Amino acid sequence: MSKTQKTTVKAKKAKRIPVIELVEAISSKNLKRLLSAEGLDEVTRIQLSLYYRKIFKTTSNPLNNDEVGFIKVKYFHSDKLEDTGRVYAEKGRSLQSFKKAIRAFINNGINLDIDMKNSHPTLITQYCKKNKILCPFLDDYVRRREKRLEDVMVFHKISRDQAKELILRLCYLGSYKIPNDDGTSYKPKKTLEFLEKFKEEAEIIADRIAKKEKELYAKIKDNDDCKNKKAVILSVLAQQLEHSCLMEMYNFFTSKKIRVSTLCFDGMLINGINGNISDLLRECENFVYEQINYKINLEEKPMEHKLKFEVPIFSDYVDSDSDCQIKLFELVGKNKFKFCNGVLWVFDDQTGMFENSNHVVFRYLKRYKEYFNFIISTDDDGNHKTKNYATDEVLRKKIIGFIKDECQDNEWMLKTQTSSLGYLLFKDGIYNFNTSTFTEGFDPNIVFKFRVPWKFPKYDKELIKKAYKLSFGALFDNPKPFITSLACALAGEIKLKKIYFCPGKSNAGKSYLIKMLQYCFGDYIGTINGENISYNSKDSRDEAAKYRWAYLLANTRIVMSSEISMKKSIDGNMIKKFASAGDKIVGRKHCESEISFTPNFTIFCMFNDIPEIEPHDEAVSNRLVYHEFPYVFVKEEELNEKPYNKLKDEDLDSKYQTKDFASGFIHILLDAYKNYLENGLPEFDNEVKEKWTAQTKQIDKVTSIINEYYEVTNNVKDFVPLNEILKFKEQHKDLKTISKNRFNEILVEELKLKEGRSAKLRYWSGLKKRHFGDDINFE
């Protein structure tokens, strides 16, 4: 090697072996909250950031809705005094190193703080006695600690903590100065005699220990960092004894399957305890004494976190997809997410309804964006590099699976399908039919599938009058029963067990009323083909398939049917099924499984004419209510042709398709239901029911048709053979569905015909045939 060459010889520092390595359990949730606190000083922020970086695993704690983080911590002896004294957490990144309030806040009840009470004075006293070193004042302080502390507090008018710190300072040969809370101290004008003698004795004890512990003193003597050598040897000896006790405590707790989380100099943090803590600590004290012949006094020390700054409820950070999901539920509410039968439903608080859309999830993430930062890395200055679950497309998709796992409830649809009955959802809130009150905002516990396409309208009597005149007032002479029926249906009063037949001629206003209802109440109003409730003996579909229409409309409130063929009868069993006060029905979509559901709707059949009902028993009759549309709306030139004609409003479309009409029309029905609650159902016009029931219609048909083709004379000389009348009945399309017995009954009771018999034939007397000149084609 030439002289000009520069060489650098680096002494290899021996790798330090930790005294012990533990896994520290902390509240990861509270740690993240601290990192998000504005009042945190920069030094502590860096310390906590680097500490957070060490978390290698997290688990949830459902008992207190916390998240437990785990950190591996290595403990070493001091660099200044290797292999002796206390052990310190590597780089100070442990609960051991944090201030009491910070430590308690991060601990959050996960660990118990077990403390060796009055550790150093107690251990030094025992050491002195074992080595024949007189220590009467130290022994007196250990035996009568509370009394001596009280004396110091009263004499100097200071707090208990100040008194303890003063005595420990004197124990380690410090000056007689009273400590202040800010770290400064002052010399009192008067001193307590006991403390003066206590200080003198401590100096003697330190001198004796230095002579006895020669090897230890030699290390300290040669260490330039140790200024007061005698004080240091006293302290280090106490720390050695303390550490020995600490290790035996560790051995005891681990033998009991109790986890030691953190070493804290004169104690430790432990968790996983079952049983009585007091009994456990007494047993541990005995174990330590048996092992090293030193007595200790253990106590559970309360951990209080009176922080001097405000900590936010939610932190700015999440550390996993699962953590993101948990925080989303905390911010938004778990009840806003339901994974039911393979479908994720998310409550949209902008509409008041559950939606099958991940975009609602993403919208919630964006709303609370500041809380979903994911730390990718942290530099040595504690600065974080982050991504955000609200803006990162890859991250936000990852939480969907965790949401599904945590909110699965395959009974949710079934349990909530009638939860909205008695309520009506508007664009800005919920109307309660039972209290006649509107509340702004939405409730995920009331599951709506539809909503009114309007904000809840203000109550305006003039608008109500105008809407009434344009709708019900124009359609009916006495609309109150019909309005009440619609109001009850809209409120979900399925317990009334009614189906409404609403017959009327063409252009009677039935279609317009349906349009008005749909315009004002949106999807709460459903429509069906009248054939859906007709009887079809050739229909081979299973029942669930037949009721597909009902399943699709299950959450509507009012179902309006269109015209129905008179060639088919109405299914009486279906009437009973759909007016059953909430009995469940089985339905399904095409190629899907059967689902049990409760129809929330009431059916209104808007027919021109009403077919026969089969079967038509008393249960069917009790469920049927009849409301007739009595008028026909025509042009002006046709107005006088019929007594039931009314002038058609050519501008009706533009008049009802307005916000003002909707405001008034909505309150017509809301008021009607309020009146129903106060006064019950109004009386219905029984004449309408009688007019449109099957028996009355049969009478009308038979009498009108017979009178058209025959003349009723009630003259016994006039007669028509029975077989001719029977043939006539069977050939006429409107008579052949009526039974022979019923037909004959009407001839006798209504037309007053009498059956006669001669030697050659049987006949109806009082009747003669009209002559049209040609054969009649009954079809």
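Note that Cβ sites are derived from N, Cα and C of the backbone, with glycine treated the same way.
Feature annotation from Swiss-Prot assigns domain 'SF3 helicase' to 477-642. If you look up Swiss-Prot, you'll see Gly504, Lys505, Ser506, Asn507, Ala508, Gly509, Lys510, Ser511 marked as ATP binding site.
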Around the Cβ of Ala508 (ATP binding site), other Cβ atoms within 10 Å, all chains included, total 22
Identify, among the binding-site residues Ser506, Asn507, Ser511, the residue whose Cβ has the fewest other Cβ atoms within 10 Å in this structure.
-> Ser506
Cβ within 8 Å of the mean position of the Cβ atoms of Gly504, Lys505, Ser506, Asn507, Ala508, Gly509, Lys510, Ser511: remaining residues of the chain near ATP = Asn608, Phe629, Val632, Phe633
Minimal Cβ count within 10 Å, across the binding-site residues Gly504, Gly509, points to Gly504
Which of Lys505, Lys510, all binding-site residues, has a Cβ with the fewest other Cβ atoms inside 10 Å = Lys505
